[in-house]
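If you check Swiss-Prot, you get these features:
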- GLU187, ARG233, HIS461, ARG502: L-aspartate binding site (BINDING)
- ARG233, ASP234, GLU235, GLU495, GLY547, LEU548, ASP549, ARG550: ATP binding site (BINDING)
- 211-214: region 'Aspartate' (REGION)
- HIS44: site 'Important for tRNA non-discrimination' (SITE)
- GLY95: site 'Important for tRNA non-discrimination' (SITE)
Amino acid sequence: MSRAAGSTETLKNRFRTDYCGLLNPEVEHQSVKLGGWVHRKRDHGGLIFIDLRDHTGICQIVIQPEEQQLFAKAEQLHLESVICIEGTVVRRSPGAVNPRIPSGEIEVVAAGISVESSAHPLPFPVADEVQTSEELRLKYRFIDLRRDKIHENIIFRSRLTAAIRRYLEEKSFIEIQTPILTSSSPEGARDFLVPSRLHPGKFYALPQAPQQFKQLLMVSGFPRYFQIAPCFRDEDARADRSPGEFYQLDMEMAFIEQDDLFEILEGMFSHLTGSMSTKRIREFPFPRISFRDVMNRYGTDKPDLRIPLEISDVTHLFLQSSFKVFAANTKEGCCVKAMLVKGRGNESRLFYDKAEKRAKELGSGGLAYIQFREDGPKGPLVKFLSGEELAALRELLGVEVGDVVFFGAGKWEQTCRIMGGMRTYFSDLFTLDRDELAFCWVVDFPMYEYNEDQKKIDFSHNPFSMPQGEMDALESMPPLNILAYQYDIVCNGIELSSGAIRNHRPDIMYKAFEIAGYTKEDVDSRFGHMIEAFKLGAPPHGGIAPGLDRLVMILRDEQNIREVIAFPMNQQAQDLMMGSPSEVTPIQLRELHLQVELPKKAEAKP
């Protein structure tokens, strides 16, 4: 992506009349003023060349020795100093053309230089993007943001946000800002709390998401809402999750069914990919996979569909097996899983030892496998299986000579997740297409799950989702068989968002919570304001909230979320540039009626 793309407007004043990256042979012989940063400086045989950089790109400036005062001033320039240049645009000679930059056919012969800000020595170079520690980059983020890659990431993010707004406005969505100071909720992640000066002992919370507000907007009669919403969660950092603050495309629609929302989202992602990226969508409409199916086939509810491996259920092959480990896991709630890896049956022992080590890290007791070689099946499992079982396995999986089959056995969910982890581990054997976007919807999540620790039925995901079958399902079906109108959208193994068709009926909500062990009084005390709103006329509604940061990561091929955020925190939730979090004065604490009590370990620090 060129920095210059879309930059056509120029304010003409004493600092500049044009942008560096937009100059071309059409303005040859014209006088221009440019302002920017000294990107590079070279002295070639009496001529000084300056690469001047602004937001749009780079333009080469030539200072000729005949201009003695100008030449002397140019000699004193430091890298990253801010200067303004006045000069004339000329064509470069054919041998001097630089095809790597948009302005590479021209250069500007300087007639005047003014130094607006002379730069001191830099903590790290901008022009040569050498490896620099993340700590230093975050401390001097304003320097880091001058570097091409991250600068372009931030420009891309801005344009993506604008494209999202245009698309949704064309679909009759209304952008509405919801409160930043709201009430704390015990559910979900930890809140960031803000003490109230006017109400001693009480606290606001920064919103983890505008969930309740957007549902109340549906009750208010707004048919389609969206917001590029800041969200705050006091949680640990990961490569794809920023601690503290993140942004999501928050959406909600009234009078819709699940398929309506899918159509809107698929259209938007298709539009954004086609107009802003060279990537391509693997399958459209996006495939829809039930939670049960996605766990059985991929071992995760966030599958990377580019990985050419699938998990197979082979439980039925071992119902009468003499191999007790497999036979014992054919009972209800357990399973035997197999994964065929083509062409890897002749790998070294080290290959299998490393795989087994990874399986143990995932929680398995080991990793059983069978190598299908020219001289017959080999491996630690072969002696325990009959010829009939091996033949049935070959036929079911389509095994050929040179292949290997890995196995897992145990409780269903744990076995699925271990095999899914091994599927991801073996993905390194393949070259995945980085330009392919393998979207999918994961649907039909279970409404409830059994809590082994508390020996009770619990909600498995979102308690405010509408159960499939509504009240009839709650009254007539075993709780663990009830499905919810909940869905995730996943791309290349990254969950972009969860969403749901909401439960807007108080009678169904009370019943759903009753099954999970909550009384009507419990529900009213926790969610009374929502229940009251739903009693006063609530339409059917549903929504979703894709993470903006993660979407930019995918489209820009970034592995670290901090590469797509202008001013991120580090992994310890610290802003190294601004020095936050920081201590506050005793006066500020007294105004808020607060007293700080540090943990003993922290008090001991000098």
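Cβ coordinates come from backbone N, Cα and C, glycine included.
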Close in space, distant in sequence - HIS461 (L-aspartate binding site), Cβ under 8 Å, 6 or more apart: PHE445, ALA484, GLN486, SER498
Annotated ATP contacts ARG233, ASP234, GLU235, GLU495, GLY547, LEU548, ASP549, ARG550, maximal Cα-Cα distance (Å, integer): 20
Residue from HIS44, GLY95, ARG233, ARG502 whose C-alpha is spatially nearest that of ARG550 (ATP binding site), among the recorded positions: ARG233
Greatest C-beta neighbour count within 10 angstroms, which of the recorded positions HIS44, ARG233, ARG502, ARG550: ARG502
Rounded distance in angstrom between the Cα atoms of HIS44 (site 'Important for tRNA non-discrimination') and GLU235 (ATP binding site): 54
Chain-internal residues, separated by at least six, CB under 8 A from GLY547 (ATP binding site): PHE246, TYR247, GLN248, LEU249, LEU496, SER497
Secondary structure at HIS461 (L-aspartate binding site), reduced by DSSP to three states: coil
Euclidean distance between Cα atoms of GLY95 (site 'Important for tRNA non-discrimination') and ASP234 (ATP binding site), Å: 57
Candidate recorded positions GLY95, ARG233, ARG502, pick with smallest Cα gap to ASP549 (ATP binding site): ARG233
Cα distance (Å, whole number) from GLU495 (ATP binding site) to ARG502 (L-aspartate binding site): 20
